[in-house]
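Chemist: Supplied in structure tokens, the structure appears directly below.
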Amino acid sequence: MKTYLPNTGDAVNPFNRFSVAMATCCRLTERDVSEKPISLATSGDMQRHQMCDNAKGLRAFFDAICYGPKHLMIFGGVCPSVTSIIAESLEGWNLVQLSFAATTPVLADKKKYPNFFRTVPSDNAVNPAVVKFLNYYNWSRVGTLTQDVQRFSEVRNDLTNELEKADIQIADTESFSNDPCVNVKKLKDNDVRIIIGQFDENLASKVFCCAYNLNMFGSKYQWIIPGWYQGNWWEQANTTNCTTKKLLTAMEGYISVDFEPLSARQIKGISGRTPKEYEREYSRELQQKGVEASKFHGFAYDGIWVIAKTLTRVMELLRVKQRQNTYHNFTVDDREVGKMVLDVMNETNFYGVTGQVMFRNGERMGTIKFNQFQEGQEVKVGEYNAIADVLDLINNSIRFQGVEPPKDRTFVRLQRRHINVPLYSILSTITILGMLMAGAFLFFNIKNRNHRLIKMSSPYMNNLIILGGMLSYASIFLFGLDGGFVSDKEFETLCTVRTWILIVGYTTAFGAMFAKTWRVHAIFKNVKMKKKIIKDQKLLIIVGGMLLIDLCILICWQIVDPLKRTVEEYSLEADPQGRDIAIRPFLEHCENTHMTIWLGIVYAYKGLLMLFGCFLAWETRNVSIPALNDSKYIGMSVYNVGIMCIIGAAVSFLTRDQPNVQFCIVALVIIFCSTITLCLVFVPKLITMRTNPDAATQNRRLKFTQNQKKEDSKTSTSVTSVNQANTSRLDGLQTDNHRLRMRITELDKELEEVTMQLQDTPEKTPYIKQNHYPDANNILSIRNFTDGKDGEKSILKNHLEQKPQAQWGSMDPSRINRGPLEDINSPEHIQRRLSLQLPILHHAYLPSIGGVDASCTSPSASPGSSPRHRHMPPSYRVMVSGL
């Protein structure tokens, strides 16, 4: 059998002894099996003179087939282009090819190259090892940087498939032809930390120069590149502006991946040699022949053993078949022999100098080594066994420039923006004090509910004000809770609960105040009201109506578009402690799809209530009623609450991304509004009860003070105090009192004019006395009525309808003949002037000058027993006695 071995200094040349032995084995087979010459062709013969020329390589292959002996196998193939052309045509010739140096991934396509085998792992064989290495360090996000060449593109495509199978994210894929700096910059912009490169050593120097300029090296980055570069490649291939020192700085720590030329395990293989013994013999042969070493020599050596084992096994199978067909002519054609060689090649499994030799779909399942660039040289740090799918890293051999392996991305730590515990504690303490104060006011209001001072200010409505304030206080505790204290589901429940509590508490407290203010306004501002009673039950109905509207809005809100927990994330922030992480703050909100619409409805409704309350407070700003002694304070509360709510809502919206500020503002607004309201309503009562417990019994006067500057027609008056038993009667008398005051004002003006005329024309005095006496008498009767506390309407009617029973008397003839001056200064004229001018004096002054008995206040006294109501002749002597 003929054996063609390359003589180009390749790795097979040192093994002439083995080749002779193999030829002998084959001659025995030839003698036993067939008389036809059979040979083993090597692609070295075909590629010796063609220098990877496809045409010349293909011509040499056909010459060997046509003019040479019969071939069973082809051994060799270095150039990918020539090898792929020959391997594609092997099936038609029933030949099997075994290569020891063709690593191109294209030849792994078994549909196109079914009869191609190789003892060297392909370039794609490093991809499972790389994936295993990434998984070892939990790197799940990488980027690729590939030179725009078919060889590297094929490896990159296969790597992409392996990464996807391993569930590793490819953050960015960059390809370049000449200048990689732009692509390296994109990798940095995409925050790629683990970079897998596929490029030759000429462009590797440019890549690391760009990495140095972009600061993409050190403890935050890890480069993984091919491991088949020549030694000190950075010195030979440095065509950049970066110095060698800069390149070494950027290269420090990179990981290179390549197949293992010789096994690291010192186990005697099929040749009877360990890898170390084989390497020494190989080195000795190289020195003797003076040829240059090749990194594929171990794969060529094991390839020869693969061929020997295959042919031996095929001949054994042929002998078996021959013995089984002793009585028949045994013949085999080329197709059957080729099929037998192909099957035996797939069953190859032995231990050689490159490790365990085994094929899977024609691909060598070899060993992949990992080297790391440390202080100017590559150091082996581990290996990957493709057959066992095991990664074995040498202990403490990998040196990372940081205290730990680089992270595969800028690790983003979500940090909740929550309310500070000290702030929450302080405001909660203040809230608790406010609730204790409200509880004290409630106890005071219930205990003294039958006291006249408390009874006059509607204790039931006061209880509602306290209840609303306590609900508002309680909402502060819920506003301060976030995801740091409760779960996500509980947070959504809090969103609904705190909204309901705050809205209901607001309406309960300030709705009760608005109702009380409306009653004061209705009584003292509507002069057309006649005998209409406004009781507490009606005020409770008003507050209930407000709460019913609130409940309708809240129920619709909860059913149609309930509040849910939403997370708002903010831009990345650097770690304050300088760690290789970034902080992404996030904030939890209570929101829904149509949040603006629902808030608009609530704000509109509450805003209308607030405007209505402010209007009532303004209208009753000058009302000061001891019996209803909190109307003025309620007005002050409405003003304060309205202003604080507007300011608080605006500032709270502007500080939406600052939870501490927002919570502080909301809590302070609620605390201020609730506290100021409760204090204004109850503190004056406490002071009055403490300083003058009997003030409600002793002071029974109603004061109605109106602004004289704006309303000229309004006058001040003092009315006797009204207790709750006579409230209904007071409502009816109020309208009549106002009408009578207007009548008194008109009569006062007329009397003043008459007095002036009397002084100017004394001769008309008898006429004036006679004609104006009924009016004067009416004035006195009216004033007596208005000064009385509980006078009956019948008394007022008798005074108005009563006619004078006596005249001034007939004129004395002797006085007519007297002189004018003597007659005017006479005692009779002086007394008459006084009797006419007294009604002009305001009735409030009569008690001070002794004209009215201030002690006569009993409503049961008869008109005849009282000097003010006793019917007397309208003589001027009555008025003198009054003076």
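The backbone N, Cα and C atoms fix where each Cβ goes, and this holds for glycine too.
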Chemist: Scan 142-169, 254-281, 730-757 against TrEMBL and say which stretch is down as coiled coil.
Modeler: 730-757
Chemist: Can you say which of 299-320, 497-518 is given as transmembrane segment in TrEMBL?
Modeler: 497-518
Chemist: Any idea what the model's mean pLDDT is for the coiled coil (730-757)?
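Modeler: Across the coiled coil (730-757), the average pLDDT comes out at 74.
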Chemist: Determine which residues of the chain contact the transmembrane segment (638-654) at the Cβ level, with the cut-off under 8 Å and only residues 6 or more beyond its ends counted.
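Modeler: Sequence-remote neighbours of the transmembrane segment (638-654) are 510, 513-514, 517, 603, 606, 610, 613-614, 616-617, 662, 665-666, 668-669, 672-673, 676-677.
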